[in-house]
Every structure is written in C-alpha cells, then in structure tokens.
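Report on the structure given below.
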C-alpha cells in the first residue's frame, strides 16, 4: 500500500462559499493544518493554498485549491506533477451527498458520483481514479433538481453540529493513517456514529 503524500480538501474560494456544505473538504484541511501546526499559504503555481508538514516522520503536503470546485484538478494535477506524487499517494477530502451529515467514509478509487471536483481531478490525473477519498456526508436535499442550491448553502444548525463531530473524528482518523495505516483508519471512520 502506498503512503499518502498529498491531502487535498475541496471547496469553492471566497467568503461567499466559506460556510457552505460544498466546502466540507476545505474545513477538514483547515483542522489538519491546525493539528499539525502549519499555515496554508497561497502558491500560484499550484492554484491553491499549500502547506508542508511531517506526520509521524513522513513528509505530507496539504492543498486547498483556490480554483472553483469544477476546476480542482488543475491544482491537484500541478502539485502532483511537480512533486512526482502518484494518484495512489493522494487523499482527496470532499462533501458527499449520498451520506447523511455526521458520517464519513474512506475508500480508494471509484467513480466521481456526479461530483464535479472529483471529475476534474480524475481527468487531470490522466483519467486515473486510483486516489483515496475521504467523503464527508452532508445529506441529500431529496431531489436532484435541488442539489446545486443545497450544496452552495450553509448547513442547518443540527447538520452543522453533526458535521463538527464527524470532522473531529475524521481529523483523528487522518492522523491514524500515518501511525497505524489506512485499514485501521478506514475501519474506525467508516463505523463512526454520532
């Protein structure tokens, strides 16, 4: 199993989107940056904010693309290419409509499930979808016509509370990836209940 060398948190740039459901991936990267005591700094050649840290003696880069969600692959592709990071060494954190708020799942590979950020990352990595995903449940509005408005709005207070709890657990589980391995982290996160 490859070691994770790049952790990406997806979201949309700007204050307007900062607290919206679609930015759940960015929320987790910000928590990881605080946990690892590093600052995310703008890096124009990577189209995002980046940080470098050591986790359990291993060098890891954090990335929040500053492109809009549907162009996230531009940032991921640029950084991965520059540092020669393979798709299987990347963990992408993103919001997931098909999971209820307060849940999260880790997995490797798979389709994009209609998520435009994932779709662009797969394309920019040469149609390779073998990267890891940490999917943060945000719930579903009930009908596909409501999805765009739903992901670009703030969660309800109850959902925000559930998200805070699962983000705490996910932060711990990302650290477990580096200490005890992906399988242990996956088993713990995928069985988490609030």
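Numbering starts at 1 and runs along the chain as displayed.
Heads up, the Cβ atoms here are built off N, Cα and C, so glycines get one too.
For 12, the entry in Swiss-Prot reads site 'Discriminates between blocked and unblocked aminoacyl-tRNA', with the evidence type sequence analysis. For residue 12 (site 'Discriminates between blocked and unblocked aminoacyl-tRNA'), the same-chain residues 6+ apart in sequence whose C-beta sits under 8 angstroms from its C-beta are 20, 22, 23, 68, 69, 152.
Other Cβ atoms within 10 Å of the Cβ of residue 68 (tRNA binding site) number 17 in total over all chains. Look at Swiss-Prot and you will find 17, 68, 70, 116 tagged as tRNA binding site, backed by sequence analysis.
Residue 22 (active site, proton acceptor) falls within a helix when secondary structure is assigned with DSSP. For residue 22 (active site, proton acceptor), the count of additional Cβ atoms within 10 Å of its Cβ stands at 23 [all protein chains shown]. As annotated by Swiss-Prot, active site, proton acceptor applies to 22, with the evidence given as sequence analysis.
If you look up Swiss-Prot, you'll see 95 marked as site 'Stabilizes the basic form of H active site to accept a proton'. Long-range neighbours of residue 95 (site 'Stabilizes the basic form of H active site to accept a proton') (same chain, six or more residues apart, CB within less than 8 Å of its CB): 10, 21, 22, 23, 24, 25, 115, 135, 136, 138, 151.
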Near-site residues: tRNA, ref 17, 68, 70, 116, CB cutoff 8 A to centroid: 12, 22, 67, 69, 71, 72, 117
Cβ-based isolation winner (fewest other Cβ atoms within 10 Å) among the binding-site residues 70, 116: 70
Under 8 Å by Cβ from residue 17 (tRNA binding site), counting only residues of that chain that are 6 or more apart: 11, 23, 152
